[in-house]
Each structure stands twice: as C-alpha cells, then as structure tokens.
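Working notes for the structure below.
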Amino acid sequence: MPEDASHEPKPLGGGGLPRTITFTADETLGAGGNQRAPHLRNLRTFPSREAPRATSPIIEKSEKSEKASAEASGEKAKNVDITEHLLSLMEVCEKFSVQANADHPQDSFGLSSTQAADLLARHGPNTLTPPKKKSSWRKFLACLTSLFNLMLIAAGILEYILLGIDYKNNKANIYMGAILIVVAFINAAVEWWQQRKSENTLAALLKMIPAKTHVIRDRKLESIQSADVVAGDVLFLRMGDKIPADCYVFSSSDLKVDNSSLTGESEPQERGAGNSMRNPLEATNLAFNGTLAVSGEAYAIVVRTGDNTVLGQIAGLTAGEEKAKSPLNHEISIFVRIIASVAIFTAAVFFIAGMALYKDFPFAINFAIGTFVAWVPEGLPATVTMLLTIAAKRMAAENVLVKDLQGVETLGAITLLATDKTGTLTRNQMTVCNVWTNGIMYAATRGHNDMGEPISDVAAKGIREVLYTSALCRSVKFDRTDVSMDKRQLLGDATESGLVRFAGMRLGEEFDELLPRHAKVFEIPFNSANKWMLSIHRLPHASGPLTLLIKGAPERVLRLCSTILSGDVVMPLTDVQRAQYDETYEYMASQGHRVLAFAQLQLDGSEYPDSYGFDRKKENYPVSGYTFVGLTSLEDPPKHGVREAIGRCRSAGIQVMMVTGDHPLTAEAIGRKINLVLGETREGVAKRTGRPIEDIGEDEFDAVVIHGEHIAEMTDNDWDAVFRKPEVIFARTSPKNKLEIVARAQALGHICGVTGDGVNDSPALKKADLGIAMNESGSDVSKEAASMIILDDNFASIVKGIEEGRLIFANLKKSIRYTLTHSTPEVIPQILYIIVPLPPMITSIMILVIDLGFEILAALTYAWEPAESANGLMKLPPRKPVTMRSIAQLRARNARQPQAPIDPATGKLVLESRGKRILQAMRAPFSKVWWQDLTEKSDGEILVDGDLLSWSYLEAGLISTISLIVVFFVILNHHGISPKQARLMAKATDEDYFNKDSPDYIYNGRIFTGEDQFYALNEARTGVIFSIYILQVFNLFICKARLRLPFGKFMFRNVRTFYGFSAGLLLLVIITYIPPLNTVFNSSYKSIPLYWLIAVGFGFLLLAYATARMLVLRKSRPLKWNPTIDGLHMHPTVWSTRHTTRSIEPTA
C-alpha cells in the first residue's frame, strides 16, 4: 500500500517517540496535523566549549563556492532542469513533436521510426556516460611512482652511480641496482593487479540500464533496446519494469514507482496524469530513470535521456567529487619522507666526514651513497603490499570486495560511520509485526520487545479473517508459484507484499488454493482518494455465497464500519471499542509502524446472489455497514545481524549515524531497534520531566534527529553540537545534504565511512574516506563511486571488515616494527667501517639477502597473525579518535596553513603546478610551521610513531648491533685476529687487507696470508648475518605482543611464523654451505654454528628487555579501553537468527 494508505508515525500524548526537529507543514503528523515541534534553533543553544575556531579548508571551500557551484553541481540533486511536469499533455506533445492519445493511450501514434532514428543520431544513445578512467598504463605508473617505490628506484640508480665511480670494488652493484629497481616494479605490479582484479569484478556486477523497453512508434507497440530510447518516445510501462528514462505520465492504471534509489523514500509512490507539485522530484506525473514500476501500468512520454536524466545529473555530481587520500597512504608518505630525510641527512654528514678524514672525493661519495642505501628498507614496500593483498583476499571470502588495497586498512581506522537506512540497515521489505483483533494484540514476530501473544492458531476468529483478506484482497503477483513463499519474488506494492508474505507463511499450502477456490468477482483497486482496496469473492457463509473484503487506512475503513468482530459474534461498534481501537492504533504508530485496518461484510444472498453484476461506476455495492475485523502493523525490519553489528561498532568507539531520505520518526523508530539510538532526545526529556524544551540542558539528552530541510540553516556551532552527541539521525536528506554531512565530519578530523545503496548515496560514497556500497540492492552509480562493496548486502560484514582493518593495521605496525629493526645493524657497521675504521662487517649483497630474503619471508607471516585476544581490538578506541582536544589541534593546524585559492567560477580549489608543489615540499622542513606540526603531540595512534622508531632503531636495533659486533670479533679472534689488530689492518693506508690477493700480515710471529685474512673475514661476516637472523627470530615473536607480555600460547598460534623463519634459515644455510653461492654472497662454508649461541644469548637478553619495557610502559602509558555503553542489546533477535529472505515464521 502507498505511504498515505496507512498511518505514518505520529507523536502521541502518552507513549510517542520523542523527537528533536520539526517537520514542514506537509510532514506534521498526528490526528489534526497542526502540532509543530521546536525548530532546529534549539540546537544552537549548545554552549561552545572551544576557543574561536579557524574554519576548515573543506568547509571554507564549501561556503565560498556555494553560490558559484549551486547550479553546476550540488543543486542538481534537487533543482533538476525538468519543467515538463508543469505542462499539459498537448504542450508536451508539441514540444517533442509526438502524438499521444490520453483517452485511448494504446492507440497513440508516438514518434515515427524516421523521427526516432534522427533523434538517436543527433543526441546519442540513452546511456550514462561512464566515469572517466585512467588507462592501465597510467594506473601502473601511479603505483610505480608511490614514494616507497620511488625511494627503491632512487637507491637502485645510486648503486649504478657507485658502479660508475669505482667499478672494480662495486661490481656487485650491477646486480644490486637491478634487484632494487625490479623489486619496485614487482611491488607496483602486485598493487596494480589487485586493483585491476577488483575493477573487473565490479564491471561484471554493473548493469547501467535494462536491456529492453516497450515503446509505441508508428502506432505499433514494439520492444527495443533501452539504449535506443529517445526524447519523445511513448513508453508502455508495467509492473516489474525498470524505467529507462525520465518520462511524463499521461495515462495510468494504478502505477506505483519505487523511488528509493533516488530519494531514499521506502514507500512506493503513485504516478498518473495530473500534477500539483512544482518540485519535479515530488511531481506525481513524472517517473525517473532507474526507478522501478512496482504495480499497475502506464503510458508516458520520454522527456530526458542518458546524462540529462535525474540519475545522470546525480552521477555527474558524483564525478565532481575528488577521492580523499586514505589514512594509510598519508601515513606511509610521511614515513617515507622521514626515512628519506634521515638517509639524505646521514649521507650528507658522512660525506663531509669522509672528505674530512680521507680527502678522497670518490671514496667519500661512495660511502655517502652506501649509507643512504643502507637506510632504505628494501623489503618493506613489498611486505606492506602483500599484507594488504592477503587481507583483501580474506575479506573477499567474507563477501567484501575491496577496490583499493588501502581501503582494507581504512575500514579499520574509521571513527564515524554514516549509513543509509532503506536497503542498508533495513531489508526494504515490509513485514507484519502486530495484529490486533477480537480485542487481543498478537505478535507476528518473536522480537525481544514485541508486545502481544504469539499467533498459535491460524484458524482463530479474527486471525483467520485477517489472513484471508490479505491473501484474497490483493493485487500482488508472483514470479513463480511452484516454490515456497519465502523463495518467491513478489511484484507489487511493498506494504501489500508484506501482508501477502505474512498470509502465505502462515497459511502454508492453503494460500495458493484460496484464490482459485474463492474467485474474485469484483475489485476496486487502491487509490489516493479512497485510501483502501476492496474486493468481493465467492466466499460462502450462512447468509449467501459472496463476501466483501476491504483493507486500507484505519480511519477510512473504520468510518465505513458499524459493527465489530467480537469472538464468534458480530456486535455494534461502541465507544468503549473505539477507545480500544484508538489506544491500539496509537501504540502501533508510536513504534514507527505503518498501520492498516481490515473489515468485511457477508453479503445477503437475497440481495447479492452469485450472479449479481457489480459495477464500479454505478456503485451498486455496499458502501457502509461493514464489520471491523482488526488492525495490522508493518515495518521495514532491520537486516540480519544489523543490531549486533551496530552495537559492536559503538562498543569499538565508532560513532554510527543514520542518514536517510525517509521520515524522521520512521528513522528514529528503526534506530531504537538497532542500537543506534538508546538515549532520549531533548523533547523526550521535556515530556518526561514536564519542563519547557528551552530549559533542557545539553547534558540531559544524547540523541538528536535532524530534518534535511534545516541542514542549510545550521551554523558551525550547530554542527559542532550535533557531532558531540553520540546518537544522531539525519532524515529527509538530499544527496547534497549527505555531502555536507560528510564534509563537516571530515572537517572535525573524522575518518568517515559512508554506506549506501541508492543513486542518492553515491556522491557521499565518493566523498567519504571509505565509501561502502551494497551489491544486490545497490545502484550501479553507487557501486562505481564506492571503495568497497558488500557482495551479500549483509551489514554485519562491515563489522567483520572493521575488525579485519584494525587487525591488518596492528599487523602492519608489527611487521614494520620488526622489519626496521635490522636497519641499525646494517647502518652502524658501515659507519664503523669509515669512522673507526674496522673491516667491512657486512656487504651490500648481504644486506639484500637480509632485506629481500629472510626478512620478507618472516615479515609476511604477520598477514596471518590472529588478534592477541578474541575481542581486544574491538574494545580499543579508533586509532585516531576525535576528541575536543583533537578538534582544537586540527583547527589550529588548519589556521597555520596557507589557504589554497578557490576559483570563483567553479568553486573548486586552484591546483598549483607540480613544480611549485615540489618546491614548497622542499622548503617545508625549514619552516617553523612544519616542525610545529611534526612535533605536535596527538591523542591518536599512527603507523610509524616514536615508540616504534625507538624500539626498532635504538633499543632492539642497538642490542642486535652489539650482538653482531661481539660475534664478529669472537670469530676473528678465533682465527687469531684481535679487535685491535683488525682495526690496525683496516686503518692501513699503504696496504689493502682482507682480500685474497692481500699481502701477508704478521702478528705475534704468525703469518696471515691474503687467503687467511679473506676466509677469516668471510666467516666473521657469516656469523654477523646469522646473528642478525637469530636476533630477528626473537624479535619476530616479541613484536607479536602489544596488549600482553611476549609469553603464552598466543605467540605460537600462527604456524606460518615457523614456516617463515624456517624458510629464512634454509636460505641462509644454502648461501653459506653450498658452493659457489658462498663465494657470491661472501659467506664461508667453514662457519661453525657454535658461535651462533652468542646471538641466542643476546636474543634472550632482548626478550627480557622487551618484557621489562612493556611492564614499565603499562604503568606510565596504560592502554585506553572504550567505556561500556549501557543499554546495548547484543543478544540475538528474531531478525539476527532468521534467514534474510524469510519474513515470518510460524510459532506453532
């Protein structure tokens, strides 16, 4: 039934839902419709708890460009350029040179074939222009030119520069440079391939418009490709058709269209000839591209096609939004800049030191470049990419398609989730909740808060009449009848479909037998004038063969009744029974349900025999004296697991808000059932305490419901006040409103996720940090705009994704913490080689074995690392929580930054040239603002923070370095070379020792030939690389622990950890003990494993230090857990335990 066939929720005197915002005159609810709630101005009484703020660049851009871009972008969502709804049929026909017959539409001439062909050639096909896409080559280039890969390529090029400076001593650089560059290309290829695979999967899901459409051309009805439809075509629309273009309806037989994908309105809307609305989106004689005809049929003239349709204009609005840079991408960029800065600085310092000590330019530049390369974590880019790729595959197994690898982590970082209602939180399927008949309230579902008795006997008086009326008095059709009710697709009005589904599930096999057995002899379909549907059937009774059945708006049906069903008898309708009716009606409406009334009349056989000819025009049927049977309430119920999913999101510190085009009270009623709204609104507190609304303090209520029409009037203080509330609903929103909400949230520092399935959601999906679209119920435009697609439309999959995102961030951080630790043991020997000097403890080829060999194998195992505790990650706050302090910091930072100019014509930021941006980036470190931003303490957690760098470079890195130095000198000493002699040999300027062709060295009467020196050094180097490996194995387990001490079973749950370090050990054994690999990698097959025990001892020292460190940090910087939210309902409900295609299950 349409929206006005039933009762929209209304505020009640006793138990109605409280609300915060008023509705416009046409949305004022209640019996009289003349009560208005307080205006949004009440929100402006929120006290500002901050200092005067600097306007965010996001909002400043929006405010400055509002006027300039209103016509070009944002206003397209509402002020579409369609005016034909204000014209008469004759004027429309004249405008499009078409012939249409309103009296006999099937006899319309339509366009001629020649006209249609000419228009198609001039204006092109009726398709939406696909969004502009980069070529595969440009996408690969974008992956290749990420800062990580550029640093690898730069390191590879520097290796060749070293080769050119000193070819003899740097021959290995031929391979090293090539390896570094190849790694960069491989890393880019993996990322590019993952993106391409996601895009191909998405392309298979998208279907821009329906394949076939019925048109009248040359007075003949024909089926053509929808792409061939042109402006002026006369369309024949019928139930089940997807409307291919915007069209002007000039003849209709109860046509109803589902506009939810455009407006978010869940109820089908009537469409027919005639219109009194000026706004085209509200016009009753317009049907829009992409919407669905759910019942009836109609003839219409096409007025817009392709990109000129409302759908096309909203898609254009989506294309105008730039995608925000992911938090992970931003943090990796910062990390690479830090590493590059450190590498460049140390290289410069040691170039100067080399020149000062040795006065040798080639040597100094060689040393400087070697130091730079040693700082580069060659294996880290591949590790990060592979970790994200593996996580994306895991999410795909959970029916979550990730279009962008970095979106995996972004989902775990979100602080605010703005979600659509219809089709996202709810099933977009009306379902019976309560039945009231014979003075008894029955509950059709088994929810925790459903009032009433279970329906245990379908033959009970009153229940049987409601079920029969639902089954017989209907216009809904089925796609098939050879399967059970829960597997059928219902074609028709959503409310009526809910009643039919209810009857079918309860009556079982009897349902399909009813209509053939009790044939329909007369029918009056629902219309907006009557607001009821009536049918007469061969349903015999004691007084005759025919029974009249009626259902519709309660007040209209009750007006036709004089008696009421009471037990097995029919009694006159009294004031007492009317009072019971009023009380029940108000309860159902207060729950946000749509309410329908049922009545019947057993026709007297003497007056209405079986052969009686009923005629609608003559009105020769009874119009009063009906028997009132009862009331039924329906709602669009939450999807499977939504309530628990939102509860988990809120428990994880994520603010969840509903942004919907539906009615405010309907949205609030659903919000209260799914853990989204638990507290009272301002009006609720006022009603409960009996005080004026103006006297209610801001700390007395937690929930607000904002009407979309008031968003444009909201001030900055209003927005701040709204986002400070934990429970927020925005209702009756337009696409532009949703964009504004996302921009405002981002301006406060929120990492914003947006879920949606309609075309109206797509601009916000693209604007958000992470757009999440639904696959099955989602529009093509929304899927294209989103970064992530839920393939099974299960909202609970988002929670799994959030947990996966948090886990991948934790594991990425552990992996980076582990990987960076080997940098210090690689860099310090290089420094000692020059400064002390000492023999070269580690060669460049060994560094590559570490970075691209066993380190990658071990670091990748973190991709499968489980969480330390079952729910630990979801009890922690988001890694960048939005607090009053963080907002103040962000605004202060924005105030310090120079504001980018805005083009007054387009309202867009004027982008500076690439050269100018590079120059500004180079100057930035020399400015006070840059250092202020860098050193500013933040409440949030970043990927690479001071704690991680301290552990990797200073603490664990130094312990590992000391270990390798001890091992190195113990092995040299075993060969008779003391640390002092090693230093003297390295310092000698007249001779070059430790090569095969080196001169003999005599010490304490012992002669060390060149080969002795060479093999002794190689054996010591082998000990060094095994020392780094062993310390890193200990570090591999230590880095697993964040919430707990590095002991316990959880350390060993990931069996791939053992595979990883075992593979690394195997690699080292191969390059050490298998000729000629030991020659290539400067290792020695004579290496004795006994000396590795030194490194094992240092490993236990590292473990003990890590434990003591963690105990100290627990005291000084304890972990912050999310506070418990009182009132969350986390136990399974009827909706979370039932398959989503089932609406009602019998209780008996």
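All residue numbers here begin at 1 and follow the chain in the order shown.
From the backbone N, Cα and C atoms, a Cβ is placed for every residue, glycine too.
Features reported for this protein in TrEMBL:
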- 1-10: compositional bias 'Basic and acidic residues' (COMPBIAS)
- 1-76: region 'Disordered' (REGION)
- 60-76: compositional bias 'Basic and acidic residues' (COMPBIAS)
- 83-164: domain 'Cation-transporting P-type ATPase N-terminal' (DOMAIN)
- 140-162: transmembrane segment (TRANSMEM)
- 174-193: transmembrane segment (TRANSMEM)
- 334-358: transmembrane segment (TRANSMEM)
- 845-864: transmembrane segment (TRANSMEM)
- 951-972: transmembrane segment (TRANSMEM)
- 1058-1078: transmembrane segment (TRANSMEM)
- 1090-1112: transmembrane segment (TRANSMEM)
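Sequence-distant contacts of the transmembrane segment (174-193), counting only residues of its own chain at least 6 positions beyond either end whose CB sits under 8 Å from a CB of the stretch, comprise 136, 139-140, 143-144, 146, 148-150, 152-153, 155-160, 163, 376, 378-379, 381-382, 385-386, 389, 405, 844-845, 848, 852. Outside the transmembrane segment (1090-1112), and at least 6 residues removed from its termini, the chain residues within Cβ reach (under 8 Å) are 955-956, 959-960, 962-964, 966-967, 970-971, 974, 1023, 1026-1027, 1030-1031, 1033-1035, 1037-1038, 1041, 1045-1047. Away from its own ends, the transmembrane segment (1058-1078) comes close to residues 849, 853-855, 857-861, 1018, 1022, 1025-1026, 1029, 1033, 1036, 1084-1085, 1087 of its chain (Cβ-Cβ under 8 Å, at least six residues beyond either end). In the domain 'Cation-transporting P-type ATPase N-terminal' (83-164), the DSSP tally of helix, strand and coil residues is 52 helix, 3 strand, 27 coil. A mean pLDDT of 86 is what the model gives for the domain 'Cation-transporting P-type ATPase N-terminal' (83-164).
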